[in-house]
Each structure stands twice: as structure tokens, then as C-alpha cells.
Amino acid sequence: MDMQNFKTREKAAMAEPKIIARDVNVYYGQSQALKSIELDIAANEVTALIGPSGCGKSTFLRCINRMNDVIESCRVEGRITLEGIDIYNSGLDPVLLRARVGMVFQKPNPFPKSIYDNIAYGPRLHGIASGKDELEATVESSLRRAGLWEEVKDRLDSPGTGLSGGQQQRLCIARAIAVNPEVILMDEPCSALDPIATAKIEELIDELRENFTIVIVTHSMQQAARVSQKTAFFHLGELVEVGETDKLFTSPEDQRTQGYITGRFG
Amino acid sequence: MEQLALFFALIFLIILGYILGKGRAVALSGHAYHPLHSRLPYYGLYTAIWCGLPSLLLMAGWMAFEPAIAEAIVSSKLSASNQNLTSDQITLYVNDVINLASGGIISREVNNDLQAATDSYIFFRQISYFAMAVVAISLSLGGLFSSLKSISPDLRARNKVEKIISVVMMACSTIAILTTVGIVFSLIFETLRFFNKVPLTEFLFGLHWSPQTALRTDQVGGSGSFGAVPLFAGTMLITFISMVVAVPVGLMSAIYMSEYAGKKFRAFAKPLLEILAGIPTVVYGFFAALTVAPFFRNSGEFFGLDVSSESALAAGMVMGIMIIPFISSLSDDVMNSVPQSLRDASYAMGATKSETITKVILPAALPGIVGAVLLAMSRAIGETMIVVMAAGLAANLTANPLEAVTTVTVQIVTLLVGDQEFDSAKTLAAFALGLLLFIVTLAMNIVALKVVRKYREKYD
């Protein structure tokens, strides 16, 4: 009995969402981009954010690692917690936050440095690896986890910008996981890639779920259905509906979701 | 005045050609069963070009060669009638004829011979002018009518007009190249004459510069020594000082401008910084000679140092200030062109702003920054006015920035200023110095352009 009790409690603790957003409002100057967003993101799951262009899904994604701080006119209100710590109002340094919450962008953006230096960038910044051997091991394991090791192991010194688009994007994923973050944010990571490279990335996302919490913004509903466990539908700055991916795509509760997934708008 | 009238007549014909050509095309387009090849304005342009271009080219050629021909005619007449004149005397006489014709002051009394020669010269010029006017106008009219006649729905007017325009643009771009070639050749011939008098090895490796030579054969003067090493050493010293000032200041201000400064401050400060580039160098020269140099001298005295009142330090510092905007403005542009996505990538990895700048932006922008520095450096090497006023004339071979040194450009100026015999080694030395300086700065510009081009290929 006690044992069972403990187990359920542990399960409850595990079910405690990794990221909790409460009443998040975002403004760009005068215009409001996000309206009172309430969203829980579970650990070790892939959460997809879908919705038509300009609906605020990328804005929300960039709130989670405070990338919106860079934009001068942007103002964020509300509460976003990462494992219970308020990332905006608890004096948490955005630099430390971003070491825990990595990000992969829409367009592959490797640094104009060698493949090795691209991966080693984060570990060097945060002093994760002590010594050359450890750094090399970190680079290798990151590239292996991103499924890129076999393709680049003989040319780690050649520039990262010389890889193909899909390889560049996997390089960016490897770069992000090299600092061992807890969460990886992906902003339409496949929109600049061909179908084969896309399939590889999607496969990779599924593998990464084991160790990371992943939030992915995507335009493709097929992609959301393929890779995610939870899906959140944004429309005109509002979070319309969130739920299990299977359920959201088969029996949406909201008319607007229904309209979007059946292709009536967006 | 008459030339101007002819010019306006041609302009009128060109406009007329455009209107008529277009009008003819409009008339043709009325027959809708056979559509025109090009859009209407091209037919107008086609006619206008045929109307204007040949006669303008003819006029340009005529004006370029006609005075020489007129001169040749006068001098050939003269040498036919006066066998005993030397060629120099004939040249002088012809000059007098031309001056008299234009109402200028001449060096001899006006006698009947001269008046007759002048009259025939004026007569020839008038005849030739009328001939040119007639030929130009008839060429223009001929072009107008033949091109009007050739306008048909099948005429590929657009292709022809574009072809002509591309040829004209090519000719314009050749002008810059030809000018460079011309400059080089004008330097080369005088330089070769200089090296007939002074051996190349002395010029390149001589450690002593003292270009005093006797002006006349009966004059006692220095035999002159033409070792260019002290001049180039002085140039390098001053350039080095100016780069020590300009590179850190320019780079730091560029980093501040592109990465830290707010929009408002940037909009206000960047043009202000660029004003520095617009200050005439003479004004910098005043500043160096009257403010900075005495200041260094006085503060040097305070510390018991012997500072010359015209020091390399003062000239170099002021020159450094002058080239700050080159470095800061170009580097700022280069850093701004580093894609935002790279900054985002660095921030998203948890890098701070300064880490992002030193580890991502500066390395990515480095080739462009190197290019900017090299361009600024060749500018500093070629700079003349500040060093003339503030660096002095003494050709000391020294590395001490507190002493007076002189530069290549300063020596070129002093060699050529004033009354000089144009074939003395002293004067010709200026051309040799100029050529060597040209080669040095050209090499640096080529390197800079190569570096900048390599950078441009980097993203995309």
C-alpha cells in the first residue's frame, strides 16, 4: 500500500510539467502578440506548436529562453516557470537559462568556423569540458547523438558552412545538445530542408525525446502529427486548444482548430 | 559661344528625333495586325541615338584634333617661308600667332608677317568650325532620316538600344582604367630619365637623402644624394603611429556603434564621426602644427625630454585621428553585415554579448576589418598635407617619434614647388618617388581588395 502510494506520488512528481506558462502576454510596441497564454509542457515529450503565420507560436517559443530580450520593443508579462523557477522574475540570468534551454532555428545557422569549433563553442563558453580530451569526447558524443558523426568524422576541421542544408541543421542540433540542456526549442527546423533531410531530423527528434524536453514550432501539420505527443494550436495570439496530438487531430474541440486542420484557413 | 549654339542645335535634333521616332512607331502600331517588336519609347530612343551619337562623337574628335592641325598648318607655312628658323623658334612663333588670335599678350611686336599668319590662322579656324557644324548637323539629320526610315514593326529597337547603352557604359568604365594606365606611364618615363642620372641601387638602398644639386652649370651646389630609405622610413614611422592611434579607437567605436549603441545614439553619432572624414586635411595640418606639436613639445620639456617642434609623433597622432572614421565606418558596416542569425545562435547557446562579439562577430568580420585597416593605411601613406605642415623636412633616419622626420609625399611636394629646371635629377627624383609610392599603395590596395572580396563570398 505504502509502496503503491509512493509510486503514484513519484508518478505525479514525474508528471509535474517541465515548463508552466501562466497568463503570458507579449507586446511588440503597441500591438499585442500573445494574449494570456496558459500552457503546460511535459518533460521528455515533444510538444508541437501549430497555427497560421503570425499567430504568435514563434513568439511564445522565444519567450521560453528569453530570446525576445534581444528585441528592443518587445515586452513580456506573466509567469513562465522552468522546474518551478520563474524565468523572468527570479533574478535568473538569461545566459544561464539559455544554457539549460537550447534552441534550433528555422534557417540552419552554423558559425563560419570548423565543424569541431561549432560544436565546441558552447562547452568552451560554459567551461563544461575540462581539457582537450574531454572536449573532443563531448564533440564526438554530440555529433553521434545528432546522427552526424559518421558523415563528418573525417573532416571536423572543414567549415560547418560547407555542409548541406540538412547536415547544417543537424550540426546546429548537435551544437545545441553539446551543452547538455534540459529543453530544446525548435523553430520550424525543417522548413528550409528537403523531404529526405526532414525525415532524418524528425527521426532524430524522436530519439532526442528520451533525454530532452522538446518544443517544436511547425507549419506542417503532418510533421506535428508525426513527431509530437502534445499539440497546441495558436490563432491570432491566443492559445485555442491544447491536447494529445492524436486527439487534437482526430477530434478537435474548437471550431477554429477544426477549420485549421482541415485546411479551411491558414 | 558658337560651339554652344551648335551644341544646343544638336540637343534640339536629338529631342526631335525621339519625338519623331516614337511618333512613327505610334503610327505603325495603329496597324494592329502586325504588332511592334519593342515598346514605343525604344523606337524614340533608337532614333535619338542615331541622331545624336555619331555627330557628338565627330564633334569630340574634331575638337580634340583640330587645334593641333591648325598649329601644324601655321608652322609648316612658316618653315616653308623661313628656312633658317630652329624648331624652338617656330614653336614660339606659332604660340604668338595663337595668342594674338585669341587676343592675348604676345612676346614680340606685331608686324605684317605675324598679322598675316594670324589672319590665316583665324580664317582656317573659322572655316574648320563651319565645316564641323555642317558635317555634324548633316550627320545628325542623316541619322534621323535613315533611322526613321528603318523603323518597322520588325525592327528590334530594344535590343539595339540596349546594345548601344552597354557599349557606352563599357566606354565609361574604361576611362578609369585608362587614366590609371596614363598616370603610370607619365611617371614611368620621368622615372627612367631619373635613373639615367642616378643609379637604381642608390635610390632604393641609399641611406642619405639630400637632393640639392647645382641649378646652373656655373653654380656651386651639392652633388645631391638620392637615397630614398630615410623617406620611406619616415613614412612608415608616421603611418605606424597613425595606425596605433586609429586602429584601436576606430575598432572600439565601430564595435560600440554596431553592437551596443542605441538606435538614437547611432543615428546621431555615426554621421558626426563621419564628419571627421570631411574635414580638409589642411585644417588637420593646422591642428597638428599649431596645437598638437607645441603641446607635445611643452609636455616633453616638462619631463626633460628633447622633443622637436616638428615631430613624427604629432603628425602621426593627427593623421591617426583623421583616419579613424575610415576604420570605424567600414568596420561598422562589416560588423552590421554579419547575419543576425549568427548572433541569435550565439545568444541561444548562452553566450553573453561580449562573448558573442569576441567569439563570433569579430572573427566573422575580421577579413572585412583587415581590408578596412589596409585601405586606411594606404590612405595614411599617401597623405601629404598634414605631414608637410607638421612633420618637417629633415630626412632623419630614425625610429624616435619625438624627432622630426620627413615623408615621401613631403619630399615630392618640396621638390616640385617653386622654379625648377625640369630635367635636373632633383626634379626627376620626385617622379621616381611618386612611382615607388604608387607601387606600394597599389600593392596594399590589391591586398585589401582581395581580402574584402574573400569576405564577401563567405555567407550565401
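The chain as shown is numbered from 1 upward.
Backbone N, Cα and C define each Cβ position, glycine as well.
Among the ranges B:4-25, B:356-377, the stretch that TrEMBL annotates as transmembrane segment is B:356-377. Across the candidate stretches B:127-146, B:272-293, B:356-377, the maximum count of CB pairs under 8 A to the transmembrane segment (B:231-251) is reached by B:356-377.
If you count C-beta pairs under 8 angstroms between the transmembrane segment (B:127-146) and each of B:45-69, B:167-189, B:272-293, the highest count goes to B:45-69. Same-chain residues lying 6 or more positions outside the transmembrane segment (B:272-293) and placing a CB less than 8 Å from one of its CB atoms are 253, 257, 309-311, 314-315, 317-319, 321-322, 324-326, 328-329, 383-386, 388-390.
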